[in-house]
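Annotated features, as they stand in Swiss-Prot:
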- 21-36: compositional bias 'Basic and acidic residues' (COMPBIAS)
- 103-123: compositional bias 'Basic and acidic residues' (COMPBIAS)
- 1-73: region 'Disordered' (REGION)
- 90-149: region 'Disordered' (REGION)
- 223-242: region 'Disordered' (REGION)
- 1-159: topological domain 'Cytoplasmic' (TOPO_DOM)
- 181-194: topological domain 'Extracellular' (TOPO_DOM)
- 216-260: topological domain 'Cytoplasmic' (TOPO_DOM)
- 282-310: topological domain 'Extracellular' (TOPO_DOM)
- 332-361: topological domain 'Cytoplasmic' (TOPO_DOM)
- 383-398: topological domain 'Extracellular' (TOPO_DOM)
- 420-424: topological domain 'Cytoplasmic' (TOPO_DOM)
- 446-452: topological domain 'Extracellular' (TOPO_DOM)
- 474-492: topological domain 'Cytoplasmic' (TOPO_DOM)
- 514-526: topological domain 'Extracellular' (TOPO_DOM)
- 160-180: transmembrane segment (TRANSMEM)
- 195-215: transmembrane segment (TRANSMEM)
- 261-281: transmembrane segment (TRANSMEM)
- 311-331: transmembrane segment (TRANSMEM)
- 362-382: transmembrane segment (TRANSMEM)
- 399-419: transmembrane segment (TRANSMEM)
- 425-445: transmembrane segment (TRANSMEM)
- 453-473: transmembrane segment (TRANSMEM)
- 493-513: transmembrane segment (TRANSMEM)
Amino acid sequence: MMTAPSDTEGYTGGQGDSPDSPDRNRQRNLVDDHNHNQGQDDGYSQGHVTGTGLHPLHQSQGRYPRASSRRASAAPLNYDVPDDYAHLEASNISPVQNPDEDPITRLDTLERVRTRDRDYLREQRRKPLPPPQEPESSAEDYEREKQAGVVAKRQKVSRLATELYTISYLIFFSLLGTLARLGLQALTSAYPQSPIIFPSIWPNFAGCVVMGFLAEDRMLFRPDWGQQQPNPKKDDDDDEEAKDIDPAAAKKAHMALKKTIPLYVGLATGFCGSFTSFSSFIRDIYLALSNDLAAHGSSAAPVSRNGGYSFMALLAVTITTISLSLSGLFAGAHLAIAIATLFTRFDLGLPYTFVSRILDRLIVLLGFGCWLGAVLLSIWPPDRHSAQPEKERWRGTATFALVFAPLGCLTRFYASAHLNGRLPSFPLGTFVVNMLGTAVLGMAWDLNHVPSLGGVVGCQVLQGVADGFCGCLTTVSTWVSELAALRRRHAYVYGGASVGGGLALMVVVMGSLRWTEGFGEVKCIS
């Protein structure tokens, strides 16, 4: 039977500054624990994780073993992240768990990872950390690394600063993701004779490609990211130790490491989650069911058809979107594997000094400053015409969406952090925000399509809520990554509940207007 290594395997370091600190003493033996527990069914035991008192995110801030000929140094990635970050949308499960195509591999699932995280948190509430072990050996290792010139300077980042950086990245990348989604929709749905007539498909595909690349990539945020380069004279002495490192465990360690970096959280949760939109996907399913999809974005009236054709249209939108999104996720992961050598050869990884000392501080101004700029552009739009207010399009097309986008992204971020770990086999946080965003989009759509109701400004605000808040509150990139990481039965249950629940909400919300008064013309969209 294939066994799955724990996501804590491969960590061999600590966060404390002292070589004799408890964290350093416990973390240095985790790789040996992996070899001892390798034959277990899920690679997890009381002595393997909870016995050491270590959390995957806490370990990721320690020393990271490199599957190469050079020794790992003490990583200075001392972001003080909350334990809830273990349940973020950015999963610990890589889309491609066997990149080398080995004949026998050990697979892990999302249920196992989140069960371990949940059990750790419960264990920490019941008992304190165990006493340190082998302090003499830990001190010797620390001194040997110090003499070898591989101990990096540590820079402690407080929890308040870490959360501030994370929120700022989320705000900034939610704005970029919203602009990318709206721009790609305009590019792919405006030309004649388009083979795909529903606008949500291409942003969802493109966002999943980026998500797959970020999840699989190990070069942008390298395993030794933020560490000083070791002394090359000591490389030969470290060959034997490097051979003992399990590449699968090291890969899982790197996945957990990335989730502690605010920039990575901003890219995966902020940009990819805002680039894709689950609520727009469900809206297009309902429009296909109600025979309004062909007329969406055009003045041509739909041709009447029977219910059987509407059911076929519903299946077409559903299957096409899910298939392309999953394909995009794996295509992005394959792209990351393919260009890994190129990144290594030309040293194209993100420089740690620039990110930690400059970009982390600059993003606070950029994030909140750009959000404020979107508010000001909504108050004074660039295309304002005093004599012809009906020609103002910027607010309905983009600026109001940018105002509401960070609110949806931050809501999704905290919902996933607090809810995703409650049911390991069913990501509750992602499900809740997808259902909530779908319902809100349905209400905004109804209010915008009620005949003879409201004016241009009210229409623009509702359009901004639909494109900005609902578009960033719901996500397809995270959803398909969870489908790929869950066990087969749980994936079908979770996927079916998400699509079925979202469509049921749209039938109730949008159907109540569609099958009574009918959809009217939108006043603020040309």
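Backbone N, Cα and C define each Cβ position, glycine as well.
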Touch test for the transmembrane segment (195-215) and the transmembrane segment (425-445), at least 3 Cβ pairs under 8 Å: no
Recorded stretch, among 311-331, 399-419, 425-445, 493-513, maximising Cβ pairs under 8 Å relative to the transmembrane segment (261-281): 399-419
For the transmembrane segment (493-513): best-contacting stretch of 160-180, 311-331, 362-382, 425-445, 453-473, by Cβ pairs under 8 Å: 425-445
For the transmembrane segment (453-473): best-contacting stretch of 311-331, 362-382, 399-419, 425-445, by Cβ pairs under 8 Å: 399-419
Mean of pLDDT values spanning the topological domain 'Cytoplasmic' (420-424): 86
Tertiary contacts of the transmembrane segment (425-445) (same chain, 6+ residues out, Cβ under 8 Å): 87, 89, 110-111, 278-280, 282-283, 408, 411-412, 415-419, 462-463, 465-466, 469-471, 473-475, 478-479, 482, 486-487, 490, 493-494, 497-498, 501-502, 505-506, 509-510
Spatial neighbours of the topological domain 'Cytoplasmic' (474-492) far in sequence, C-beta under 8 Å, 6+ residues away: 89, 91, 93, 95, 109-111, 204, 207-208, 210-212, 215, 269, 272-281, 321-322, 325-326, 329-330, 408, 412, 416, 425-427, 430, 433-434, 437-438, 441, 498
Secondary structure content of the topological domain 'Cytoplasmic' (474-492), with strand meaning DSSP E or B: 14 helix, 0 strand, 5 coil
